[in-house]
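Heads up: the structure comes next, in structure tokens.
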Ligand SMILES: Cc1cc2nc3c(=O)[nH]c(=O)nc-3n(C[C@H](O)[C@H](O)[C@H](O)COP(=O)(O)OP(=O)(O)OC[C@H]3O[C@@H](n4cnc5c(N)ncnc54)[C@H](O)[C@@H]3O)c2cc1C
Ligand code: FES
């Protein structure tokens, strides 16, 4: 995405509500002159700063949903530190500063695959709500969502477009399959032997590296949505660079979606 399509400005909070233990959903309406959210693509993210003196730096968040009709977009976020704590306190009508959409969106050609699998771990599910809607509208695509969590209380009720039931796993067995989501993905893959599948995964690096390994062993194409600590989000500070098979890349500009086989997992896990 070229820099001149990046929008910068103040957004108004439309909705900010807790969806599960430690997880919030925030809908933001861009001002009229910035409201063409139809340019947002799955896999992209925005940088966001609550207008509060305690908030010193912007933070990146995946675009989880867009509404072209109301010119708004939605984030799912996990409370982990100062900025996300400030975000939980915002109420409808409050303003935040943002820039985006950032990074390269990635949409596979659905006609090439029998099924597209979206594998999210914890808050790594955030980009897949958007992916699910866009991919499910394409002809002949079966989109299957795998959603791994530690426990039931952390599971966000997902309002997904596709008809396929979400495959839920929890580490403690309190909901869905018991055990790591990667085990379930591996089992489904054995059952789907011979099908042409594309996997996109987002979540903790250790989980994504395991998904990448399972896919590599099965000869399945896999893309990962990486998260690194970011400052500018604009390919300027070089704080988010990683080594890849194709050289040094900025996660904020060249990613955050990368072919799994390009990633040097030993440097990230
Ligand atoms: C491209 C991208 C998309 C993201 N999308 C989402 C999303 O949709 N929802 C969501 O909840 N989070 C997302 N994140 C992570 C989110 O940006 C961090 O959780 C957030 O910056 C934490 O800010 P804070 O001030 O609350 O925490 P801080 O006080 O800055 O940090 C608290 C803890 O979180 C860790 N942390 C900080 N930044 C990151 C990061 N980027 N990745 C992992 N750990 C981090 C710190 O090391 C520290 O341990 C994304 C990150 C990237 C790079
Ligand atoms: S965050 Fe500054 S270059 Fe990527």
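Cβ atoms are placed via backbone N, Cα and C, with glycine included.
Quantities reported herein were computed from a predicted structural model and do not represent experimental measurements.
As recorded in TrEMBL:
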- 6-108: domain 'FAD-binding FR-type' (DOMAIN)
- 59, 60, 61, 62: FAD binding site (BINDING)
- 232, 237, 240, 252: [2Fe-2S] cluster binding site (BINDING)
Residue 59 (FAD binding site) - helix vs strand vs coil (DSSP): strand
Length of the line joining the Cα atoms of residue 60 (FAD binding site) and residue 232 ([2Fe-2S] cluster binding site), in Å: 9
Contacting binding-site residues for ligand 2, chosen from 59, 60, 61, 62 when the Cβ sits under 6 angstroms of any of its atoms: none
Neighbourhood of residue 59 (FAD binding site) by C-beta distance under 8 A, where only residues 6 or more apart in the same chain count: 47, 48, 49, 83, 84, 230
Number of Cβ atoms other than its own within 10 Å, given for residue 60 (FAD binding site): 22
Cα separation, residue 62 (FAD binding site) to residue 252 ([2Fe-2S] cluster binding site) (Å, whole number): 11
Listed binding-site residues adjacent to ligand 1, that is, members of 61, 62, 252 whose C-beta is under 6 A away: 61, 62
Proximal but sequence-remote residues of the same chain as residue 232 ([2Fe-2S] cluster binding site) (Cβ under 8 Å, at least 6 apart): 47, 58, 239, 252
Where residue 240 ([2Fe-2S] cluster binding site) falls in three-state DSSP terms: coil
